[in-house]
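S.K.: Have a look at this one.
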Amino acid sequence: MSIKGKTNAQIHIDEPEKLKIGIVQSQWNHRITDEMASECKAALMDLSVPEEHIFHELVPGSFELPLGALHLENTIQPDAVICLGCVIKGETDHDVFINQGVTSAIMNLNLRYGKPFVFGVLTVNNEEQAIARSDGSKENKGKESAEVALEMIALEKRLKKKTKQTIGFRSSSK
């Protein structure tokens, strides 16, 4: 199946019906994250990922997203995990520490497992910005996160096809 993502890149996925996708959603700011999760799931199904292959779990807040993603990885071994959250700036710097920790932890999961753990966390100054980025009026980060997951899966599959298989040695051709 081919799709055109936000970047206008064509994304081609062979057998999307065989993919398993995890979604971990923060319950904090649930009005925002519910919309993101709904749009994310709808986008995945529109792209031929069966609903029964989408594993959606809730965690208390954005800080818990990386651990929830790790639990999904350890139990169902999905092809990608999409982390959806919303951190709205408050009166203190609490949001800065949450955002830095979550960003770093999700990046580490990507590198540790060599698969997409998508950062679908809104880091905004107010609720109006969050709504504009989640309800589709300006942007739709839930849908975009689904597209990112599939684009990264497609990249890996494409590169694996290009790699010549050898026994015990890497090709030194340049």
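Glycine residues also receive a Cβ, built from the backbone N, Cα and C atoms like all the rest.
The 5-amino-6-(D-ribitylamino)uracil binding site annotation in TrEMBL covers Trp28, Ser62, Phe63, Glu64, Cys86, Val87, Ile88, Phe119. The feature (2S)-2-hydroxy-3-oxobutyl phosphate binding site is assigned by TrEMBL to Glu91, Thr92, Arg133. The active site, proton donor annotation in TrEMBL covers His94.
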S.K.: Around the Cβ of Phe63 (5-amino-6-(D-ribitylamino)uracil binding site), how many other Cβ atoms lie within 10 Å? Please give the count over every shown protein chain.
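M.R.: If we count other Cβ atoms within 10 Å of Phe63 (5-amino-6-(D-ribitylamino)uracil binding site), we arrive at 18.
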S.K.: For the 5-amino-6-(D-ribitylamino)uracil binding site, please report the maximum Cα-Cα distance among Trp28, Ser62, Phe63, Glu64, Cys86, Val87, Ile88, Phe119 in Å.
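M.R.: Site span for 5-amino-6-(D-ribitylamino)uracil, by Cα atoms: 16 Å.
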S.K.: When you measure from the Cβ of Thr92 ((2S)-2-hydroxy-3-oxobutyl phosphate binding site), how many other Cβ atoms are you left with inside 10 Å?
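M.R.: So the Cβ neighbour count for Thr92 ((2S)-2-hydroxy-3-oxobutyl phosphate binding site) comes to 8.
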S.K.: Can you tell which of His94, Arg133 has the least company, meaning the fewest other C-beta atoms within 10 angstroms of its C-beta, among these recorded positions?
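M.R.: With the recorded positions His94, Arg133, fewest surrounding Cβ atoms within 10 Å: His94.
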S.K.: Validating a neighbour-count step here. Other CB atoms within 10 A of the CB of Trp28 (5-amino-6-(D-ribitylamino)uracil binding site): how many?
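M.R.: The answer is 18.
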S.K.: Let me make sure I understand the span of the (2S)-2-hydroxy-3-oxobutyl phosphate site: among Glu91, Thr92, Arg133, what is the greatest distance between any two Cα atoms, in Å?
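M.R.: About 23 Å separates the two most distant Cα atoms.
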S.K.: Between C-alpha atoms, which of these recorded positions comes nearest to Trp28 (5-amino-6-(D-ribitylamino)uracil binding site): Thr92, His94, Arg133?
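M.R.: Of all the candidates listed, His94 is nearest in space.
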S.K.: What same-chain residues, at least 6 away in sequence, bring their CB to under 8 Å of the CB of Val87 (5-amino-6-(D-ribitylamino)uracil binding site)?
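M.R.: Asn29, Ser62, Asp95, Ile98, Asn99, Val102, Val121, Leu122, Thr123, Val124 - these are the non-local Cβ neighbours of Val87 (5-amino-6-(D-ribitylamino)uracil binding site), listed in sequence order.
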S.K.: How long is the line from the C-alpha of Glu64 (5-amino-6-(D-ribitylamino)uracil binding site) to the C-alpha of Glu91 ((2S)-2-hydroxy-3-oxobutyl phosphate binding site), rounded to the nearest angstrom?
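M.R.: Given the Cα positions, Glu64 (5-amino-6-(D-ribitylamino)uracil binding site) is 22 Å from Glu91 ((2S)-2-hydroxy-3-oxobutyl phosphate binding site).
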S.K.: Rounded to the nearest angstrom, how far is the Cα of Phe63 (5-amino-6-(D-ribitylamino)uracil binding site) from the Cα of Arg133 ((2S)-2-hydroxy-3-oxobutyl phosphate binding site)?
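M.R.: A Cα-Cα distance of 20 Å.
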S.K.: Which whole-number value in Å describes the distance between the Cα atoms of Thr92 ((2S)-2-hydroxy-3-oxobutyl phosphate binding site) and Cys86 (5-amino-6-(D-ribitylamino)uracil binding site)?
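M.R.: Between the Cα atoms of Thr92 ((2S)-2-hydroxy-3-oxobutyl phosphate binding site) and Cys86 (5-amino-6-(D-ribitylamino)uracil binding site), the distance comes to 16 Å.
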S.K.: Using DSSP and three states only, what is Val87 (5-amino-6-(D-ribitylamino)uracil binding site)?
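M.R.: Reduced to three states, the DSSP call for Val87 (5-amino-6-(D-ribitylamino)uracil binding site) is strand.
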S.K.: Taking every protein chain shown into account, which of the binding-site residues Cys86, Ile88 has the largest tally of Cβ atoms within 10 Å of its Cβ?
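M.R.: Sorting the candidates by Cβ neighbours within 10 Å, the top entry is Cys86.
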S.K.: If you count Cβ atoms within 10 Å of each one, which of the binding-site residues Glu64, Glu91 comes out on top?
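M.R.: It comes out as Glu64.
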